[in-house]
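Taken straight from Swiss-Prot:
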- His107: active site (ACT_SITE)
- Tyr25, Gly26, Ser27, Gln28, Arg48, Ser52, Asp82, Glu83, Gln84, Gln85, Gly133: NADP(+) binding site (BINDING)
- Asp190, Glu226, Glu230: Mg(2+) 2 binding site (BINDING)
- Asp190, Glu194: Mg(2+) 1 binding site (BINDING)
- Ser251: substrate binding site (BINDING)
- 2-181: domain 'KARI N-terminal Rossmann' (DOMAIN)
- 182-327: domain 'KARI C-terminal knotted' (DOMAIN)
Amino acid sequence: MVKVYYNGDIKENVLAGKTVAVIGYGSQGHAHALNLKESGVDVIVGVRQGKSFTQAQEDGHKVFSVKEAAAQAEIIMVLLPDEQQQKVYEAEIKDELTAGKSLVFAHGFNVHFHQIVPPADVDVFLVAPKGPGHLVRRTYEQGAGVPALFAIYQDVTGEARDKALAYAKGIGGARAGVLETTFKEETETDLFGEQAVLCGGLSALVKAGFETLTEAGYQPELAYFECLHELKLIVDLMYEEGLAGMRYSISDTAQWGDFVSGPRVVDAKVKESMKEVLKDIQNGTFAKEWIVENQVNRPRFNAINASENEHQIEVVGRKLREMMPFVKQGKKKEAVVSVAQN
């Protein structure tokens, strides 16, 4: 059984006298920097000139270029998008990593797939809140927190574990619980969840359901409501109470349909396909394809994205959402606590 660490399990004053540089001031960077600062940690922000630079200044941070921040800090947390990290690391962080410093990530992709190869004389660890930045920030302000993962890749100083847990505590994670993992496990499970279930699998399921109804002659508007719009109602129940709690809250008719029809849709063949997706993640096939795609300016990515954006479900959805101002109000509220990604 995994061990869960809470505030009382974590050494005090581990980060005292140390400067933490948060590199990037998007959704996660914004939350990490503010939470750490309010936890008494000496925080600086490293970000390029632009909206995020200005926002970080307005939020009261000491803001520098990435290179300047990396030079000043003992602990460097990289919170840039995966596809930007390697380039920024090579140009602005690598040469500032003197012996004994700590290089930190919130996702293991670039280290696990060797896009970033840290020097042998620095600590390398991961602290990953299991929620978006606006939630990390909001729960912290409420006196709570979002559960987090931590992992150690290199422990040169003998203090990497203590620093990782102290960082997790500083952003509020230890109020909810911090779980230990590895860079390999965090990276591979995160990618699998995104591809097979949360994003890829779910998007394909919703679209297939919509197409099945419209191709059978049903109105696209009704297909949208039944296959996409009402999804939030079910996911919220699952999020709060798990699968059993969701089933308790729906009608018996819906629950019986769940039991007898769900396995017909997601059958053994689908599970075998999931295993193939996982295999491509584990052996590096997916990572190689994504890295190359970015190196050639994303031709497939952009073409697929443009096509998907014009699918009938999007056309119908845009019209129907105009009928539901409460949907947009929720989006605007979330945007208030987030800032533009770098």
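Indices start at 1 and increase along the chain as displayed.
Backbone N, Cα and C atoms are what each Cβ position is placed from, and that goes for glycine too.
Of the listed binding-site residues, namely Asp190, Glu194, the sparsest CB environment within 10 A is found at Glu194.
All chains included, 15 other C-beta atoms sit within 10 angstroms of the C-beta of Gln84 (NADP(+) binding site). In this chain, no residue six or more apart from the residue listed as 'substrate binding site' has a CB-CB distance below 8 Å. The DSSP secondary structure for His107 (active site) is coil. Cα distances from Gln84 (NADP(+) binding site) to the recorded positions His107, Asp190, Glu194 are smallest for His107.
Fewest other C-beta atoms within 10 angstroms, among the binding-site residues Asp82, Glu226, Glu230, are seen around Glu230. Rounded to a whole number, the distance between the Cα atoms of Glu194 (Mg(2+) 1 binding site) and Arg48 (NADP(+) binding site) is 29 Å. Neighbour counts of Cβ atoms within 10 Å were compared across the recorded positions Arg48, His107; the minimum falls on Arg48. Within the model, the domain 'KARI C-terminal knotted' (182-327) carries an average pLDDT of 98. Taken through DSSP, the domain 'KARI C-terminal knotted' (182-327) splits into 125 helix, 0 strand, 21 coil. By the criterion of other Cβ atoms within 10 Å of the residue's own Cβ, the least surrounded of the binding-site residues Tyr25, Ser27, Gly133 is Ser27.
Between the CA atoms of Tyr25 (NADP(+) binding site) and Asp190 (Mg(2+) 2 binding site) there is a gap of 22 Å, rounded to the nearest whole number.
A straight line from the CA of Asp82 (NADP(+) binding site) to the CA of Glu230 (Mg(2+) 2 binding site) spans 32 Å. The residue listed as 'active site' sits 9 Å from Asp190 (Mg(2+) 2 binding site), taking the Cα positions as reference.
According to DSSP, Gln84 (NADP(+) binding site) sits within a helical segment.
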